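Only one structure is covered here, and it is reproduced in the block below.
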Amino acid sequence: MATAEPPNGLWHRNNKAHQSDELSSHAESHDNVQEDNLKQWQKHAQKVKVKVLEQVQDQLSDILDNALTESVQPFTHIQPTVNGKMTRKPSSRSQKMDNGKVFMDRASLLDELFEISHIRTIYHMFIAVLLIFFLSTLAVDYIDQGRLVLEFDLLFFAFGKLGTVTWAWGVMFVYTLLVPYYTLVFWGSLYHSLSSKLGLSMGTGLILSAVQTCVLGLFPIYTVVHNQLPPASRFIVILEQIRFLMKSYSFMRETAPVVMRNTPKEGESPRFPTFSSYLYFLFCPTLIYRESYPRNTHIRWNYVGVTLGMILGCLFYGYFILVRLCMPVFRLDTNQLFSKRTMVLAVFHSILPGIMLLLLCFFAFLHCWLNLFGELLRFADRMFYKDWWNSTSFANYYRTWNVVVHDWLYYYGYRDFLWLSKRKFRTAAMLSVFIVSAVVHEYALTLGFGFFYPVMFCLFAVFGVVFNFTMNDKRQNPAFNVIMWACLFLGQGIQVCLYSQEWYAQIHCPRKENSFWELVTPRSWSCSYQR
C-alpha cells in the first residue's frame, strides 16, 4: 500500500519552520536560564555581603587593630636619652601592657550594621513600638479624661531646676579646666630645678587632692542634697562629677610621667601639653588623654541632626516605658509588704521594661550621645562599644559593653595595680576593679534616686564577680549567650522592681528621724500604706 508523501518543496518549508521554532525555543530557553542564573547570582552576592559584614567584621577589626599597634610600636619604644640620642627599647611580651591605648579612625559598630537591611529592620521595629506607645497613651488619656493632648508631667518633674544644674556644671567645668592644668604647669616648671623632687610632688599632690575633694567631691553632693534636685537633674550633676574626676585624673596620669622623663636642656623650659588640647579632651568622647587624636575632615551635619533626633526619641521612649509599663504596676492604691508571691510577680512584671530601659540607655548614650559629640568635634575613633550582644561570657560582656569606661579602668586601675605589684596578683587586680566599679555605680544611683538601696552593688560586686570567673572566655558555646541574656533579663527585672518599690515607699512612708540605720535601711521592707 503506497503512502502519501508531501511534495518536496512543502517538506522543505515545513522542515525549515520546524528548525526555526526549535531555534527560537532554544534561544528563549537559554535567555530564561541566563535570567535565572543572574537572579541566583544576585541572591548569592547579597548573602555573601551579609555574611562578610556580620561574620568577618570582628576578625577584620582585630587584625587592623593589631597591625596598627605593631606599626606604632617601633615609635613608642624609641625614647630620647639625656644627651639627645635616640635609643630603642627591647620589645618583649611583658612590655605589651606598657603600651597605651591606640586611637584610630573607625566607625561605631551600629552605624556599620545599620547598612544591612536586616539589621535596619530591627531598628524600624523599635520605632514602631514607640509609635504604638504614643497611640496607646493618647487612647488611654482620651478614654479616661476625654482629651487628646499628651502631658509630659514626668519629664518636666525629672528635669526640674535646670538653672541650678547649669550653675553647678559651670563651677565644676571651670575648675576642671583651670586647676589641674595650671597645677601641672606649676609643678612641672619646678620639678627639674629643685633637689627635693619627692617633697614637691607629694606636697602638690596632697594640695590638689584636697581641692579636688572639696570642689569635685563635696560640692556636687551638697548641690543635689541641699537643693533637693529631681532625679534626672541629680544624675546630670553626679555623672558629670564622675566624668570630670576621671578626665582630670587621666590628664595628670598621662602628662606627669612625660614631664618627669624629659629633662629640658639648659636654658629651655619644660614642654607642657597645650591648653587647647586639654580643652578639647574635656569634651571629646574618651577618658584617655592624648595631645592629639585622629580627626575627620569635616562635620556631617545631616548625621548630627539625625543623631540628635534619635536622642530626643530615646528620651520620649523612656518616658512611655515608665508611664505605660512601670508606674501602673507599682503606683497602686495599696502597697503590700514583702511576700514571695508579690515579689515574684513584681520581678517578672519588671523584666520587659527593665531590658527595654537597658537597651535604650545603651543606644541613647553609648551610641547616639557619644557619636553626637564625636561628630561635632570630628573625633574619628568611634569604637565606644563592641558586639557585647554576642558575648558568651560575662568577662567578654564587661569588656565590650562600655569600651570608654573599660579603657579607663583597665589602664589606670587593673594595669597600674599590676605595675605596683610587679605583675602579680592578677585576680586581686581584677577584683579591685570590680569593687571600685560597683561602688561608683551604687554611689551614682544612691545620689540620683535620693535613697540608699544597694541592689546594683550586690548584683555587680557579688553576682557579677561570680559570673565573671565562672562564665569566662573559655565558654564559646552559643548556649552561654542564651544564659547571659537570661541573666541580664532577670537582673534588670530585679533592679527595676526593687528600685521602683523603694521609690514609692520613700514617698508614702517618710523617715521619722535622721539616724544612721534609718538612712541605710530600705523603707519598702516595712512600709505599708493605703490611700
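Cβ from N, Cα, C; glycine included.
No curator has checked TrEMBL annotations; they are predicted automatically.
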Range annotated as region 'Disordered' - as stated in TrEMBL, picked from 1-34, 69-102: 1-34
Residues from the same chain, set at least six apart from the ends of the transmembrane segment (272-289), whose C-beta lies under 8 A from its own: 100-101, 103, 173, 176-177, 181, 184-185, 188, 243-244, 246-247, 250-251, 253-255, 259, 370-371, 373-374, 377, 379, 381, 384, 404-405, 407-408, 411
Segment-segment contact (the transmembrane segment (301-323); the transmembrane segment (425-445)) at 3 or more Cβ pairs under 8 Å: no
Sequence-distant neighbours of HIS441 (active site) in its chain (C-beta under 8 A, six or more apart): MET456, PHE457, PHE460
Close approaches to the transmembrane segment (343-373) from elsewhere in its chain (Cβ under 8 angstroms; 6 or more beyond its ends): 108, 110-111, 283-285, 303-304, 307-308, 310-311, 314-315, 317-318, 321-322, 325-326, 329-330, 379, 382, 384-385, 401-402, 404, 488-497, 500-501
